[in-house]
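Colleague: Sharing a structure below in C-alpha cells format, with a few things to ask.
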Amino acid sequence: MVALQTLIDGLILGGVFSLAAVGFSLIFGVLGIVNLTHGIFVVAGAYIALLLWSGLGLDPLVGIPVIMVVLFATGYVYQRTIIQWATERATVVASLLVTFGVALVMRNILQLIFSSDIRSISPSYSFVSFSLGDLRIDAVRVAGLTTSLVLLTVLTLFLSRTSFGRMIRATAQQPLAAGLSGINVPHVYGLTFALGAAFAGASGAVIGIVAPFSPATEAIWTLNAFVVVVLGGVGSPAGALLGGLLLGVINTMTAQYIGPSFTNATMFLVLVLMLLVRPQGLMGNAFGESR
Amino acid sequence: MRPLSLKPLLALVVGVAAVAVFTGLPAILPPFYIRVLQVFFFSAGLALSWGLLGGFAGYWSFGHTAFIGIGGFTAALVSSHLLGGGGTGWGMVVTVGAGGLVAALFALVLAYPLLRLRGIYFAIAMLGVGEVFSELSSSIDWIGGGLGLTLPAGTDLDIAPEVFYYYVFLVLMVAILLISAATKLSRFGYGLMSIREDEDTARMLGVPTERYKIQAFVLSAFLVGTLGAVYAYSLGYFSTPSLFRVDFSLNMIVHNMIGGIGTIAGPVIGAAIMVFLTNVVLGSFLSVHLLLTGALVVLIVLLAPTGLLGLAARLWQRDPPEEEPTSPTRERERRLTNEPAE
Amino acid sequence: MAITRRQVLRTTGSGLIAAAAARYLPAGSAHAQAGAKTLVFGGSIPMSGASAETGQNVLFGYRAAIKKINEDLGGVKIGNETYKLDVKMFDDASDPSRATTLIQRQVDEGINYFLGSFGSNIVLPSCAITERARRPMVQAGAGSDLVFTQKRKYVFGVFPRASLQFETSADFLKSLTPAVKRVAFIYTNDAFSKFQAEGGKKALEDKGMSVADMIQLPAQVSDVSTVLSSIRANPPDVLICCVHDDAAILIARQMVSTGTNVNLLYQTLGPQTEAYRQALGNYANGVVTQAYWSEGAAFKGSYFGTAKDFADYYRKNFDRPLTYHMASGAACILAYVEAMKNAGSIAPEDVRDALAKLDFKCFYGHIRFTADGDGDPKLLGPLIVQNQSGKVEVVFPEEAAAAKAVYPVPSWKDRA
C-alpha cells in the first residue's frame with residue numbers, strides 16, 4: 001500500500017514536471033538551444049495566472065489559453081530578435097550565455113513588478129482530496145496531471161498531424177534542406193520557440209496552483225527541465241512525459257525509501273547515470289539521427 | 001610565423017610589471033578594493049582553470065562548482081578531523097593541498113565515464129555532478145554542509161585577512177596563468193586544441209585524446225579545488241550554498257566568453273570586467289543590479305561574440321593575434337549542439 | 001513581457017531604472033537635511049531567495065523607525081548634537097563573496113553601525129569584518145548559534161539564538177491538555193532550521209515529551225507528499241515545522257489537500273506572513289507559530305508608545321502588511337539609538353559598550369542582551385500565537401495571552 005501510494009504520488013507529481021519541461025525539450029530538439037530563460041517562462045506563466053485569478057476571478061486552468069497566447073507572442077519576438085542575433089553573430093552555444101543574461105534581467109524585472117514575496121494561487125479545489133481505499137489523492141494535483149496530459153496530447157497531434165508540425169520536424173532534421181524546400185527556416189525557429197514558451201507558460205499556471213512560487217523559483221524549473229529531457233529524450237512530448245513521470249516517481253520513491261533529504265541528490269545522480277548509459281534519453285531524439 | 005616573435009617577450013615584460021604593481025597595491029588601496037581584487041584573482045583563477053578543459057579541449061563543464069565545494073569541504077574536514085581544528089600557517093598548506101588533491105581524485109574517478117560524453121551532453125552531465133555533490137554535502141550529516149563548517153584563520157601573522165588572502169589568491173592566479181600558458185604552448189596543449197577542433201581526426205592522427213582529456217580534466221579540477229579551499233578559508237564559516245553555487249559554474253563560462261574562449265588573457269580580462277562591474281559599479285544597488293548585469297552579458301555576446309579579444313583583433317584589422325578564437329572553434333561549437341554542417 | 005535588445009537598453013533600462021532608482025536605491029542623502037548630521041546604518045538584505053520576504057519585512061521595520069524618529073521626533077539628541085538617521089542597504093544576493101566585499105566597502109566608507117542580513121553563511125563572514133573593524137552589528141536575521149558562540153563582542157541579536165528559541169514552545173506544549181506525548185519535527189537542511197529543530201528536540205525531551213520523528217528535507221523543497229503519507233500512517237500529536245516561508249506554505253497546503261490531520265500544526269516561520277494567510281485562507285486557522293512581538297502585547301515605552309501605537313503608525317505610513325519582523329527591525333534601530341543616548345557618544349566602541357549594558361523597555365518589549373550578544377531568552381523569547389478566526393492571537397505565555405489555545409484543532413475539513 002505504501003509503495004502504491006508512493007507510486008501514485010510520484011506519477012501525479014511527474015505529470016507537472018512533464019508539462020514544465022516539454023517546451024525546453026522542443027526548443028532544445030529543434031533549435032539546439034539550451035534555453036536558460038525557460039524557468040522564467042514557467043514563473044511568468046504562474047504570475048499571469050495569478051493576475052487573471054486575482055483580477056478577473058479566472059480559474060488558472062481556464063486562463064491557460066490566455067497565458068499561452070501571451071507567452072507565444074513573447075517567445076516569438078524574443079527568438080526573432082535577441083536569440084537570432086546571437087546565433088547569427090556568434091554561435092548556438094553563445095545563445096546559452098544570452099539566455100542566461102536575459103534570465104537575470106527578467107528575474108529582476110519580475111522581482112520589481114511582483115516583489116520577491118512568495119505567491120500561490122488557491123482556487124476552490126486546491127484543498128480537496130479523495131480517497132480510494134487507503135489511498136489518498138489530492139484533487140489539485142490530479143487537475144494538474146490531467147491538464148498536462150491534455151496539453152501534451154494536443155502538442156503531439158499538432159506536431160504529427162498538421163503541416164506546420166511537419167515543417168517543424170523537417171527543420172529540426174535538416175534546416176538546410178528544409179530551407180531549400182521553401183520553408184522559411186527563421187520563421188519556423190521563431191514559431192517553435194514561441195510554442196516552447198507557450199507550453200512553459202501553461203505549466204506555470206499548473207505549478208501556481210500546486211506549489212508556492214517567487215521570481216527565484218525559476219532556476220528550479222530550468223534545472224528540472226534538464227533532468228526530464230535527459231531522462232526522456234529530446235524534442236518529443238512523449239519523451240517529456242516519460243521523463244517527467246520517471247522524475248516524479250524517483251522523487252517520491254527516494255523520499256520514501258532513502259530519505260526525504262536525498263530527493264534532489266538522487267534526481268541528479270540518475271541524470272548523470274542516464275547520460276552515461278543512454279545519453280540520447282529513453283525515447284531518443286525525436287528528430288532522427290541520434291548522435 | 002615570424003622566426004623571432006616579440007610577443008612572448010612583451011607578454012613577459014607586461015606580466016612582470018603587472019605582478020610588481022599588484023604586489024605593491026595593498027599598501028595604498030583601501031580594504032574594499034583589496035577585497036575586490038581578491039575576488040578578481042579568485043574568479044580569474046577559476047575561469048583559467050575552467051579554460052584548460054573548456055577552452056582548450058572544447059569540453060564545456062556546467063558544474064565546475066563541484067570542485068570548489070569538494071576543495072572547501074575537504075579542507076574544513078581535514079582541519080577539524082585530522083588537525084584538531086588547526087590549519088593555520090603550514091597547516092593551511094596541508095588542508096588546501098588536500099582540497100586540491102581530493103578534487104583531482106574525484107575528477108579522476110569521474111573522468112573516464114564522463115569524458116566519453118561530448119558537447120552539450122558532457123555539459124549537462126557536469127551540471128548534474130555539481131548538483132549531486134551539493135546535495136550530498138548538505139544531506140550527509142558527517143560532511144555537515146547543512147549546519148556549516150568553520151575554518152581557522154589562514155595565518156597567525158599580524159596581517160589583515162583581506163591582505164593575506166589577496167596575496168594567496170594572487171599567487172594562485174599567477175601560478176594558474178603560467179600553467180595555462182605553458183599548457184597552451186606544449187605538445188599537450190596542441191593535443192587538447194586538436195581535440196577541440198576535431199576529436200576523431202585527432203585520434204586517428206595519433207593524439208592520445210583519451211589520456212589528454214583526462215589529464216586536462218584532473219588538472220582543472222585540482223586547480224579549482226585548491227582555489228575553493230582557499231575561498232572557504234577566506235569565508236571562515238561556510239555551508240553548502242556558500243560553495244556549491246550554480247552561478248560559480250556559469251561565471252566561469254561567462255568570464256571566458258567575454259574575454260575570448262581558448263585564450264590565456266581572455267578569462268582574466270573577462271573576470272576583471274565582470275568583477276569590477278558587479279562589485280564596484282553595481283555594488284550599492286539594492287534591486288536592479290541583476291538586471292544590469294544580465295543586460296551587459298547580453299550586450300557583450302551581441303556586440304563581441306568572439307569575446308573582447310576577438311573584437312579587438314577585428315577592430316585593429318592587423319594580422320589577427322594567435323589568440324583570437326578561430327573559426328574551427330565555431331565549427332566545433334556547432335557540432336556541440338548537433339547542428340548539421342552547412 | 002517581450003523584450004528586444006533595444007527595449008532592454010532604452011525602455012526597460014532607463015525607464016525602470018529611473019523608476020526603481022527613486023523607490024529602491026539606497027538613497028544616501030535623501031533624509032539628510034542641511035544643518036543636521038546624519039547617522040547612517042549599513043548592511044545587506046537578500047532580495048531574492050528563501051529569506052527575501054522576511055528581509056523585506058525587516059527593512060520596512062528599519063524604515064518605520066527611522067521615519068518616526070526623523071519626522072515626528074525631529075531626530076535624536078546624543079550628547080549636544082541632534083542627528084537624523086538613515087539606512088543604506090545593498091542586495092547581497094545570498095552570496096557570501098558579494099556580501100563580504102560590499103560590507104567592506106561600507107566599513108571603508110565610514111559607516112559605523114550595521115544591521116544584519118539573513119542566513120548564517122552570509123552573516124558570519126560579514127560580521128567577521130565588522131567585528132574586526134570594531135563596528136557594532138545589531139541584527140534580526142541570523143539566529144544560528146555560531147553567530148553568538150564564537151566570542152564576538154560587537155554582534156547583537158534581538159532574538160535568542162536558534163537553539164534557545166524552543167524553551168517557551170516546550171512550556172506551551174507541556175501546558176496543553178490532553179497531554180502532548182509524541183511530537184514530530186520536519187526541518188529543512190539549512191543551518192538555522194537545523195539548529196532550531198535540534199534545540200527544539202532537546203527542549204521537548206527535557207520536558208518529558210517524546211520526539212518520534214526528525215524528518216529532514218532538502219534545502220529546496222518541491223514536494224512533501226511522501227513525508228505526509230508517513231505522517232498519516234503514524235500521526236504525532238504535534239507536528240513542528242522548522243522551515244522557511246515557502247516550504248511552510250507548501251507543507252501546509254499539501255497537508256490540507258491530502259487530508260493529513262494532526263492535533264496541532266506548529267510552524268516556526270511562515271504563518272506570520274501575508275502570503276501564508278492568502279495561500280491558506282481559513283485553513284490557516286488553528287496553525288500555531290512563534291512571534292517575537294504582537295500588536296496586542298502590553299509593552300510600551302518611549303519613541304513609539306505602546307505596541308498598538310507602533311502598529312497604527314506603521315499602517316498609516318506603509319502599505320506592506322505588518323508582521324512581527326517589522327517590529328523586530330524597528331527594535332534594532334531603537335536599540336542603537338537608546339544605546340547612543342546612554343553612551344552620550346556615537347563612537348562605535350562606546351555604542352557597543354552601551355548596547356551590551358542596554359536594559360530598556362519599548363513597544364517591542366524589554367530589550368536586553370545576554371553576555372554572548374543574543375536576545376535574553378526570558379525577555380525576548382517568542383510569544384506563541386495561533387491563528388483564530390482569521391486573527392492572530394497570543395496564546396502563551398499565560399501572562400501575555402489574549403486567548404486560550406485551541407487544542408486539539410478541528411480537522412482540515414471542519415476548518416474550510
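Placement of Cβ uses the backbone N, Cα and C atoms for every residue, glycine included.
The transmembrane segment annotation in TrEMBL covers B:9-33, B:39-59, B:66-84, B:90-112, B:119-144, B:164-183, B:214-233, B:253-278, B:290-313. Taken from TrEMBL, the feature region 'Disordered' covers B:319-342. Marked as compositional bias 'Basic and acidic residues' by TrEMBL: B:329-342.
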Colleague: Using Cβ atoms and a strict cutoff of less than 8 Å, what residues sit near the transmembrane segment (B:90-112) while being 6 or more residues removed from its termini?
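Modeller: Here the qualifying positions are 66-67, 70-72, 74-76, 78-79, 83, 129, 151-152, 154-155, 213-214, 217-226, 228-230, 232-233.
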Colleague: Which one of these stretches, B:39-59, B:66-84, B:119-144, B:164-183, B:253-278, has the most C-beta pairs shorter than 8 Å to the transmembrane segment (B:290-313)?
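Modeller: Comparing B:39-59, B:66-84, B:119-144, B:164-183, B:253-278: B:253-278 has the most Cβ pairs near the transmembrane segment (B:290-313).
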Colleague: Counting Cβ pairs closer than 8 Å, which of B:9-33, B:39-59, B:66-84, B:164-183, B:214-233 has the most of them with the transmembrane segment (B:253-278)?
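Modeller: It is B:39-59 that shares the most Cβ pairs under 8 Å with the transmembrane segment (B:253-278).
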Colleague: Out of B:9-33, B:164-183, B:214-233, which stretch touches the transmembrane segment (B:66-84) the most, going by CB pairs under 8 Å?
Modeller: B:214-233
